[in-house]
Amino acid sequence: MEIIGGNRALRGEIRVPGDKSISHRSIILGSIAEGRTEIYNFLNSEDTIATIDCFRKMGVSIEVEDDKVVVEGRGLKGLNSPGSILACKNSGTTMRLMSGILVGQDFSTTLVGDDSLNNRPMNRIITPLRKMGGNIEGLDNEYPPLKISPVQKLNSIYYEMPVASAQVKSAILLASLFADGKTIVKEKALSRDHTERMLKTFGVDIYKSNELIYLNPPSELRGRNLYIPGDFSSASFFIVAALILEGSQIVIKDVGLNETRIGLIDILKKMGGNIEISNVNTLNNEPVGDILVKYSKLKGIDIKGDEIGTFIDEVPILAVASAFAEGITAIRNASELKYKESDRIKVMTNEMRKMGVAIEELKDGMIIQGNSSLKSAKLESHNDHRIAMALSIAALKANGTSYLSNHECINISFPTFFDILLENIV
Ligand SMILES: O=C(O)C1=C[C@@H](OP(=O)(O)O)[C@@H](O)[C@H](O)C1
Ligand SMILES: C=C(OP(=O)(O)O)C(=O)O
């Protein structure tokens, strides 16, 4: 796809589709609840459809009409054997969270991914789920396919997480719904807490105290209606675009503002970004509000520490913002980026270099020299949706027309990305 650079600006009021993490969780919890769950502003994308297809294969009736989804829950133990493999496609969230549910079922399942997911680490969930008594095996104890077989019972655990990962935390919490007592999870660092919030919304006794998360297994979850906020990770591409494109001003309406997700706002504000939040409400236990962003002169920043978990998916677009900041930006403690849909450290380093950015790859991050003037280039998404979108925004600032191959992977999380961009770019 061609992307024309030059003197462009972003102006207008936009909405981004529903949050991907919350959309996955709404299908998972709706499927194991008693009764009907109606979901509004659902993200209809390849990743969330993978989750829907898996639960449909296990006998759950799920009707999708645009962004409204109706799930007829089958209860904690009411899923059927899928009969054949469950295809998680490109979605780590689908595979890791669903494993937590499947170790508690009375039938065997095999979970497979696409080429990217089949190379992502699974030992991080295999270890705690086995500690709970689950029967789960991976290739070399590490990679998909995952084979899960029924067990007599699951036991509760106290687990100190060795990695900061919401998917691992969620797999344990979901398995603990089927365990014989109170499970306690200690997080290594703060990670997104949508599972905890939604379990509470479905009536589960779950609470946090002094860095520990406690869950008492329920006898049932009750179906309910959910409204999904706009995806902050999708909004982040437009936030950065507005900051770096001179003359820009945009408002993004009804975006999820959960503090475990919006670390990028703090970072960009420290870099000098003009960002204002307003109209904050709480919907189904999740904060939602509007974000106003104006073009700003940014300055480089040194980023390290545990809070990286609150903007891990936004590092590719943060790297783009850094290329236009005055001075040097260093991003460290981000080694988790190597285990995403692509090695996002290596890929961003190589692709931004093609545009002339002075950028150095570190083992756990990157160092970016700012004030760059970008040249147009032949860019490659590596079939990673967040790389495709980050590079598209960077290409808008280049001195000519860039070419991005394999841009279709944006359908994984944000199928309307280019439509919204084209409607609001001047
Ligand atoms: O729980 C989730 O919905 C997610 C957790 C994060 O992954 P990790 O748990 O591997 O950090 C994030 O990168 C991913 O996009 C979605
Ligand atoms: C890492 C991501 O998702 P997942 O782990 O679900 O594939 C992402 O959306 O950036």
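Including glycine, each Cβ sits where the backbone N, Cα and C put it.
Look at TrEMBL and you will find Asp313 tagged as active site, proton acceptor. Cβ environment of Asp313 (active site, proton acceptor): Ser233, Ser236, Lys340, Arg386 lie under 8 Å away, each six or more residues apart in the same chain.
Sequence annotations record features per position, and here TrEMBL assigns 3-phosphoshikimate binding site to Lys20, Ser21, Arg25, Ser165, Gln167, Asp313, Lys340. Sequence-distant neighbours of Gln167 (3-phosphoshikimate binding site) (same chain, 6+ apart, CB under 8 A from its CB) are Gly92, Thr93, Arg96, Leu97, Ile125.
Annotation comment: TrEMBL describes Lys20, Gly92, Arg120, Gln167, Arg344, Arg386 as phosphoenolpyruvate binding site. In the three-state DSSP scheme, Arg344 (phosphoenolpyruvate binding site) is classed as helix. Neighbour density for Arg344 (phosphoenolpyruvate binding site): within 10 A of its CB lie 25 other CB atoms from the protein chains shown.
Among the features that TrEMBL reports, domain 'Enolpyruvate transferase' is placed at 7-421.
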Listed recorded positions adjacent to ligand 1, that is, members of Ser21, Asp313, Arg344 whose C-beta is under 6 A away: Ser21, Asp313
Residues among the binding-site residues Ser21, Arg25, Ser165, Arg386 that border ligand 2 - Cβ under 6 angstroms, in sequence order: Arg386
Sequence-distant neighbours of Arg25 (3-phosphoshikimate binding site) in its chain (C-beta under 8 A, six or more apart): Leu97, Ser170, His194, Thr195, Met198
For Ser165 (3-phosphoshikimate binding site), the number of other Cβ atoms found within 10 Å of its own Cβ: 24
Ser165 (3-phosphoshikimate binding site) to Arg344 (phosphoenolpyruvate binding site) - Cα separation in whole Å: 16
